[in-house]
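Scroll down for the structure; my scribbles are underneath it.
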Ligand SMILES: NC(=O)c1ccc[n+]([C@@H]2O[C@H](COP(=O)([O-])OP(=O)(O)OC[C@H]3O[C@@H](n4cnc5c(N)ncnc54)[C@H](O)[C@@H]3O)[C@@H](O)[C@H]2O)c1
């Protein structure tokens, strides 16, 4: 089977990025959200990302027009799922929300349609159990910012078929990504390592080991990470990071207990780049405010 049409559910940080690479790959893509504001912002984001691509010589004006032509937004998941070969959900990391979206997509999508989830932590077997097609359910885990990050981590559930994995590999390649196949285990490969490194950086900040800037600089220049763990946390969203850590703490034990300072930042609404303040401060356009 070859994917011809895609629905992406959730127009937040990840969903808008996934819809962008999907439309850019020439796939008619419908981006769904419950919030009109998020849908408008996602479409603006696609235009801006394409414009930056043009400035950098990575995209032509004609490719931008084609991309925007392939990108549709809607609040009607039922209709979009009914017309799609692949539905990728990227709603917040809450089990009941994901269950609701998967049940709706399952009830309305044709039998052949694959239902994928961009979850960072939740079991694909459990996600599959929310549907009547567990063999066509898998995790398709993208990274932020989606248009730049080259990996898709594919995680199989107990019932996921080889054909489903194969089709997801193919469509990921069409979207310009490389894939790895991971067996089901809490946190897969990437979320587990990233959550642990990010949490440790918060512990260090709390203990006064160094300033945020110096922790990030040390990890970038000393360990050759492309971004520091604290600036990455702000990019990912500190609320999303805390959710992941709570889940890993529950499933894998004590070493994933969230740092108290991270919990405090999230309580204060300091979610990172998307809320204008996290470890660092950001402008309304999401640019870092230099001190
Ligand atoms: N942020 C990251 O760096 C990152 C990386 C990899 C995976 N993920 C995973 O991707 C998923 C989405 O994360 P995010 O950071 O993009 O979240 P986000 O909060 O930025 O966006 C979620 C979007 O879903 C929408 N939404 C909520 N309920 C909905 C519903 N019932 N139907 C349709 N839309 C609905 C919200 O309005 C919002 O626009 C999560 O599972 C997260 O764990 C996040």
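Cβ coordinates come from backbone N, Cα and C, glycine included.
All TrEMBL annotations are machine predictions without curation.
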Item checked: Of the candidates 144, 224, the one that TrEMBL places in the NAD(+) site of 10, 11, 12, 13, 14, 15, 33, 93, 98, 120, 274 -> 144
Next item on the list: Specify the count of other C-beta atoms within 10 Å of the C-beta of residue 144 (NAD(+) binding site).
Entry: 16
Next item on the list: Using all protein chains in view, find how many other C-beta atoms are within 10 Å of the C-beta of residue 10 (NAD(+) binding site).
Entry: 26
Next item on the list: Let me know the DSSP-derived helix, strand or coil state of residue 10 (NAD(+) binding site), please.
Entry: coil
Checklist line | Assigned element (helix, strand, coil) containing residue 98 (NAD(+) binding site), judged by DSSP | finding: helix
